[in-house]
Amino acid sequence: MKAWITPTSAARRGLRVVRRSVRAALRKAYVSWRRSLQARVVTTTLVVSALVVAVLGVFLMQQITTALLEAKERAALLQLDEGVGVAQRQLAVGGSDNSETTKSRLNAIVTTLAHRSGPSGLYEVIILDRDDPGSVGFSSNWIRLKSVPAVLMRQVEQSDASKPYRTYGTLTYDDGSSKPGLIVGTKLSRYQLYYLFPLTQERQSLEVVQQTILGVGAALVLLLAAIASIVTRQVVVPVRMAAQAAERLAAGRLEERMKVRGEDDLARLATSFNDMAANLQEKIVQLQELSQVQRQFVSDVSHELRTPLTTVRMAAEVLYESREDFDPMAARSAELLQSQLERFEGLLADLLEISRYDAGAATLDIEPMDVRELVLRAVGYTEDLAERKGSKIIQQLPGEATMAEVDRRRVERILRNLLVNAIEHGEGKDIIVSVGADRDAVAIAVRDHGCGLRPGETNMVFDRFWRADPARARTTGGTGLGLSISMEDAQLHGGWLQAWGEPGRGSQFRLSLPRVAGAELRGSPLPLVPPEIELQRAPYAELELEADA
Amino acid sequence: MLVVDDDLALAEMLGIVLRGEGFEPSFVHDGDKALEAFRETRPDLVLLDLMLPGIDGIDVCRQIRAESGVPIVMLTAKSDTVDVVLGLESGADDYIVKPFKPKELVARVRARLRRTDDPTPELLQIGDISIDVAGHSVKRGDRHIPLTPLEFDLLVALARKPRQVFTREVLLEQVWGYRHAADTRLVNVHVQRLRAKIEKDPEHPEIVVTVRGVGYKAGPA
């Protein structure tokens, strides 16, 4: 569509490169303008002062021009006045009406008048006889009558006697050159007398003045910009230093401080900044110490509890092993002791894990893992329990490896908890474990067909020590912390753990994890509500409530 | 067998269990006296609690390791990474996290005491290292390299099938006797200890080579 671009593709490419680099340069300039307070202040100062100087300059030029020309005009009118007197006297002397003689007489008068100004030839004089158009007197041979504008001539013609008129025009000479000039003229009975003042001098003066104003103006603008730059620099440099210090502080270098110089506002900024930094540091150190104390406490409690527990555990084991030698009551007691110790141990382990989360001491040990493998392990771990409860675990795994960066211990624990939970509430029916994956995330869903969850319970299942039915007999002896820990584990991965359930239709727990550790999870590759339920679902039965992770 | 534990009740209980399994444990309750007791009793295995009054378990472990390759099994209440790795690096062969079952303890102890009574003399060679399996000695040229029994077992396991890659799980099973997958840090730490002794340049191993993402193998890459 643009014919002028057509030449060759190389040229076009060159043009594109140039355009791109120009655009890049502009963008860079714009960015630095936006980012730098100094650049902005200097730019603003430049623009505003340039405007002010321009206005001032124009005004000044006008004033000077006006003054100069007014003086010239006054002098010109005086000159004319004088000339009129001289001409009248000379014209009164003459008599003959011969046009030839008239012309020479007029020329003589004009020459006299011109000479009155001295030899410098500051002006030209023209006189013409109204009655005789041919009779024109010229002070010099090379000025043309054309130099007197027709408008002025008409004004003079129509005016009353001896009223002077003036105008600006162009003086034209025989050699074709021309220069600006001031023309004054008046009527002198039947003659018209014109004085033509070339304004070359004035023009030169004005040019000099103009150049001076331009130069001074430009210098002034630059000077102002430089001053603005220096002044803002004085402000900006400490501010920049404060910003840098704040950045370093934010990056965790808590000992970072600003230098305080003088007692001005900037020094106050530095002082308050330093106070803030000191307070911040103190608070953070306090928190760190607190967390350290908490962690230490958890660790100590752990050790202190575990050592006697180990002894008790071993003792119980020894008693349990030899229970056949006891009387029935003691034997049963040994069994109870044994099983309840196991439960106690699990509870202690879970409590310690939870308190580790609460202390913020839980960390991820990330490695790339095939999620299917973790599922297989978790299923292997829970198969015995499922068999005892009469449930079958059905696995729906994708054919190819499903890799994700996870902490295998934690994810395995989540899966174990979900499976144990499903077996416990699955009422002996099938349990389906499915794995799904997309580009960014993996998901594992554990579906049971047991008693399901009532509306609102989908959130509560993750609460600590929450029980679906307090009256129900506890069978497998979960600690009541499993799902809470799983939720913490999922959140530590930046993942979601959500539950769905409907009374009588079972429930489904879905774990979604980002494939890359630390990435944000936007969606899950598996649906939370099992598809067969979604299909049957009537529009009024909106019972799903998601647990927001 | 020497049991180093400050908790009297636990020590007594350990004694009951170990005696029940036919071991002859002796006890010391103080880290300061552990080394002395070790020199006196010359046990086949040391059970060492990490938290001890006086010198702590890690230092005791270092002292014993400095003069003997005897198997050391740590008892620890902390499964946190730092403590376990510190313990392993100070020379322990294996660890058990409290609370443990008696069977688990006995299994770990037996695994450490198990001697592969190989009647046929077997000589293995990897790189410039020669291994006399029956004589339980490792040499580079004529120079004898002292290894702990565990390090020796690890090296033999790798050297018997040169160029075959062993995963950490397989090594755990073959060398440590774990049937279920356990802590693979055990393998990492001991491979490093082994390398420090047998490699010319442990930073660029030539005898025990890491196969990224899989495990380890013996011999040149």
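Cβ atoms are placed via backbone N, Cα and C, with glycine included.
Here is what TrEMBL says about this protein:
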- B:121-220: DNA-binding region (DNA_BIND)
- B:1-113: domain 'Response regulatory' (DOMAIN)
- B:121-220: domain 'OmpR/PhoB-type' (DOMAIN)
- B:Asp49: 4-aspartylphosphate (MOD_RES)
Per-residue pLDDT averaged over the DNA-binding region (B:121-220), given as an integer: 82
Near the residue listed as '4-aspartylphosphate', which residues of its own chain have a C-beta under 8 A away, given they sit six or more steps off in sequence? B:Val4, B:Asp5, B:Asp6, B:Asp7, B:Leu10, B:Gly57, B:Met74, B:Leu75, B:Thr76
Kindly assign B:Asp49 (4-aspartylphosphate) to one of the three DSSP-derived states: helix, strand or coil. strand
